[in-house]
Amino acid sequence: MGCRFTCVDKALHISFYHLGLIVGRHPGYFLIVPILLTLLCVTGFQRVKYEMDPEYLFSPLSGEGKVERAIVESYFKPNYTSRFNVGRITRPGRFGRVIVVPRHGKDMLKSEIWHELRLLDQLIQNETVHWDEEETFTYRDVCARWVDECFQNDVLNLDYVIEEVENRTLNLTFPIMFNPVTWDAHAFPVYFGGTVVSEDGLIISVPSVQLVYFVTADTKRQDARGAAWEDAFLSAVGRAEENHVFRYISTARFASRTLDIELERNTRTVVPYFSTTFVIMAAFSMVSCWMADWVRAKPWLGLLGNISACMGTAAAFGVTMYLGVEFIGINLAAPFLMLGIGIDDTFVMLAAWRRSSAQLSVPERMGRMLSEAAVSISITSITDMISFWIGIISPFQSVRIFCIYSGFAVCFTFIWHITFFAACVAVAGYAERKNLHSMICVKVDPVSKSDKKSWLYRKFCVGGLDLDDPDNPRDNKEHCIMAYFRDNMAPFLSRWPVKVVVMTTFVCYIAGACYGISVMEEGLERRKLSRSDSYSVEFYDREDFYFREFPYRIQVIISGELNYSDPVIQAEVENLTQTFENTTYISSPLYTESWLRSFVGYVRRNQDYLNVSIDTEDDFIRTLKELWLFKPNPFSLDVKFNDDGTRIIASRFLIQAVNISDTNGEKEMVRALRNICHHSHLNVSVFHPYFVFFDQFELVRPTSIQSMVIGALVMMVVCFIFIPNIQCCLWVALSIISIEAGVAGYMALWGVNLDSISMINLIMCIGFSVDYTAHICYACMSSQGSTPEERVKESLYALGLPIIQGASSTILAVISLVLAGSYIFLVFFKMVFLVVFFGAMHGLFLLPVLLSLFGPGSCTASKKRKPLDKEPSDTKRPSDVEKTFPHPFCIPHPSLNPVSHSNFMHRCTNGELKSSSPKHFAKHKEGNYHPRNVENEGKLGNCPHFGIPLPGLPSHMKMYSGGKYGGTSGSLEKDLGLGTSGEDSSESSSSKSQRRLQQREEAGEDYEQSRHQKDGWRKSPSARPSGAEVCRGRPQEFQPPHLMEVYANSGYLSDEGGQHHRSRDRAAAWNRNRPHDNFRQYSPRSKSQNNHYQHHHSRSVPSYIGEMKFP
């Protein structure tokens, strides 16, 4: 790899190796301490602070709506106690609303319906509230008041004339009508929904009526009493609806606390699924950790991996609560995610454990396990933590709180896994070393020693290794799923038609994602914060259907000292008012309430009778106070004077929004109105209490894009630090962009809007998108394969199963959220499913195809094959060294071969090939050989010959191993991500790399073929050495080249380095040019047998030292 900065990688490997040694030697401490820390941290739950205010959670912290509200309240603070006006409030306050529709028909203008509306109103006003254990009150005691009167639904006074209206002897005019009996001015758009009006402005039918009740909320005590009344209101109307008290009307209720109550219900409803999810995850992890080998299987560790994740999450939540961070219902989705992340780390660590040699001590295996898994679990945890902490920059408090809790949970889960779970692995390792059954901890026999046992014993009680013969192929079975990815999946993806299909599918996938992004809707609708079975859903549906024609009464505030007597100022204010009225989102001037327009018009129309002047500022203010701003007039709430009352410092007028049907319309309306304000010469602002929520429409898209861009860049930097390869980082970046685009596009097609909830998931998906793609790229880059196909095959063999396990575990962890019946948790499931599914598909299909086409070796693979096709390898002319020394030998320094030097082949006096350990190396207690002084130990002539060929030796020289089941490579394993290794362990017998696994399956057959070949050599005349030659261990006469074998490695590369492929190809080319008759004359086996033997031993070179024969 180029551009490598491996200091972090090396530091991680070394640090985790030493940590593994410590955990392996003292597992008890690492079991007890995390448990005690968990118990200590969970005491933080007693300091939990529940936060359920929708405005605090789902509106931007510093949005324009809050700034505008601050401006309004600084001049016009609402007074619920004596000066309440519903169109001029700045906060929702405490209220109750009922939307009524007829049970039969589509018209509410009937006497029997109006009679039941009166009964409903009395039921609500007479409901008794018990508060503070002693105090009781009704609506009339806490109602919002205008002067001394409670806020009333004056539209109910139509019951005086409802019979005439029903008989059509009295027509109701829209939008305003004076009651001929009570002389009330009825503003029908406030109360009537879906009104059908004739061309003459007469009301034909009214399909829906709403009643509204406001209570005082000026102080904290009044607010608490108002909350208690709201609970009573919801309960009373709910009982009446459930018990069918009303025969002709159907009700849907809503209160300001409804959203709070629904968020709390969301919290309660998801809690029971914790146990279900834990059981599902425990079963899945135990089955995934199962093996046919009952000793090496680790089902209990699968369960303990889930327990470790739960402990880490609980401890993290407790610490975060100690820090004073509020707790919200959305946080309950975090444990489901942590289970998925935790079990992924479990699979990684167990895979690394299985690759370590069972013959090593438990501390050494623990050190190697954590060292190999260091990059995998670290990059997964760190990218997830960073992606969550990026969410802290979000302007939405709900996103911040969730990301804080989840970030701490990922961190603690990671720490608990490398301590508590690692200690559990160490304990299981000691049991495995004793060959104990993985379930019942009873000592059992390996497969190779269980032939005489009963079939039940062989089925359920065998496993482990035979320490006398640890490389026995019967005790070392290959994983069938891993073999499937290597032998079936990789060749399938290597076919050109399949590549075309994959690339075409990818193009269609991107096209679908782009289309989804283009039609994406923004904003969090209120109904989505409620459960699907909530009473509020019916209210939202009725409101959207009937009351969207005149939805919002908008306040326009002009601040700053202005001389309103100046005709220029009056013209500017009037021009501003008309500009608002001329927009498509504002109704006609009929619905506008402007004190300046009405006052100036009144004075000018009645100038002759009033005998007043408004030409100067003093006259204007005096006349305004005397004629227009008397207390019963609502306009008195729209003018703010300075302290001495001589100048106007702020004023307000009201406009009516019209035909706003959805969140996009709300966003466009707010944007258009604010744009008018920004272009005005006056200091003007627009405001409605719901504008605070509408601000998310403006901020959610840029905030999401900002977070995703920052997250992608940070992920690339993190990947480069842990996987120092530029090309790999580019592929990871492409995958992140592709997956994020797919999640964003297809979530829109799946009915998910871009809001604060989905933004949480988009930020979270940045970290999840790295998990599979980074590791599959790194595996391909690190592969020693000479062609892209071989690299892809090794990558899928190493990572196919872990990707399937990781994706399945994460999806299973969140599948229970579907049953919660909440939009919030349903969005979590949808988006986690999308990112995991797309990530797995990228890792299993797209990236292997792209890497085979454009990855390392794709440009040079074809060039490497051409010389072999044009010229056989054996046509190489001998070098000067070969001509001068017909039998060149190089005796290497022992330090060049740090691996085991056992099983060296040499020829005895009787012509037999035998295996022995050379006297030049003394066996260490751990099984490795080290050089020792051989100066006075025996004669050199009695020793076997060892050597490696010099550069430029003839190409037909071949190598073979003298080991019983093939040698082992001594190179350190490299972490390929997700707990896989690119090279075989030097001592592993239970989990080898691809070629080593194939070798073990063929070991028994090859050993027999080797023995038959040796018998053939002994029968051959050329195999009978003379005495002198026997003494020197050298053959008497030369063998045919196809029998000349060198069982030594020809270079520093391991058997996966690709040297054996070139040796085999040159040998095959020499055999093709050799007459077959001669071949059969000298060979004791058939051609196919010989080729099979050569193929096997070309992959199983155990060392660099061996015996060489030359023609």
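Glycine too: its Cβ is placed from the backbone N, Cα and C atoms.
Record features, source TrEMBL:
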TRANSMEM  28-45  transmembrane segment
TRANSMEM  270-294  transmembrane segment
DOMAIN    270-427  domain 'SSD'
TRANSMEM  300-325  transmembrane segment
TRANSMEM  332-353  transmembrane segment
TRANSMEM  373-392  transmembrane segment
TRANSMEM  404-430  transmembrane segment
TRANSMEM  496-518  transmembrane segment
TRANSMEM  705-723  transmembrane segment
TRANSMEM  730-752  transmembrane segment
TRANSMEM  799-825  transmembrane segment
TRANSMEM  831-855  transmembrane segment
REGION    860-881  region 'Disordered'
COMPBIAS  868-881  compositional bias 'Basic and acidic residues'
REGION    915-941  region 'Disordered'
COMPBIAS  924-938  compositional bias 'Basic and acidic residues'
REGION    971-1111  region 'Disordered'
COMPBIAS  977-992  compositional bias 'Low complexity'
COMPBIAS  998-1018  compositional bias 'Basic and acidic residues'
COMPBIAS  1080-1092  compositional bias 'Polar residues'
Task: Whether the transmembrane segment (270-294) meets the transmembrane segment (730-752): three or more C-beta pairs under 8 angstroms - done: no
Open item on the list: If we skip the immediate neighbours and take only residues 6+ beyond the ends of the transmembrane segment (332-353), which ones have a Cβ under 8 Å from one of its Cβ atoms?
Closed with: 267, 270-271, 274, 277-278, 281, 284-285, 288-289, 298, 301-302, 305-306, 308-310, 312-313, 317, 365, 368-370, 372-373, 376-377, 380-381, 384, 402, 405-406, 409-410, 413-414, 417, 421-422, 425, 429, 764, 771, 802, 805-806, 809-814, 816-817, 824-825, 828, 832, 975, 978-981
- [ ] Determine which residues of the chain contact the transmembrane segment (28-45) at the Cβ level, with the cut-off under 8 Å and only residues 6 or more beyond its ends counted.
- [x] 311-312, 314-322, 416, 419-420, 422-424, 426-427
TODO: Find the member of 300-325, 496-518, 705-723, 730-752, 831-855 that has more C-beta pairs under 8 Å to the transmembrane segment (373-392) than any other listed stretch.
DONE: 705-723
- [ ] Grab the same-chain neighbours of the transmembrane segment (799-825) for me: Cβ-Cβ under 8 Å, and only residues 6 or more beyond its ends, written as numbers and ranges.
- [x] 266, 269-270, 273, 276-277, 280-281, 284-285, 288, 329-330, 333, 336-337, 339-341, 343-344, 347-348, 351, 479, 481-482, 484-485, 489, 528-533, 757, 768, 771-772, 775-776, 779, 832-833, 836-837, 839-840, 843-844, 976-980
TODO: With Cβ distances under 8 Å as the criterion, find the stretch in 300-325, 496-518, 705-723, 730-752 that has the most pairs with the transmembrane segment (404-430).
DONE: 300-325
Open item on the list: Cβ pairs under 8 Å only, please: of the recorded stretches 300-325, 496-518, 705-723, which one is richest in them relative to the transmembrane segment (730-752)?
Closed with: 496-518
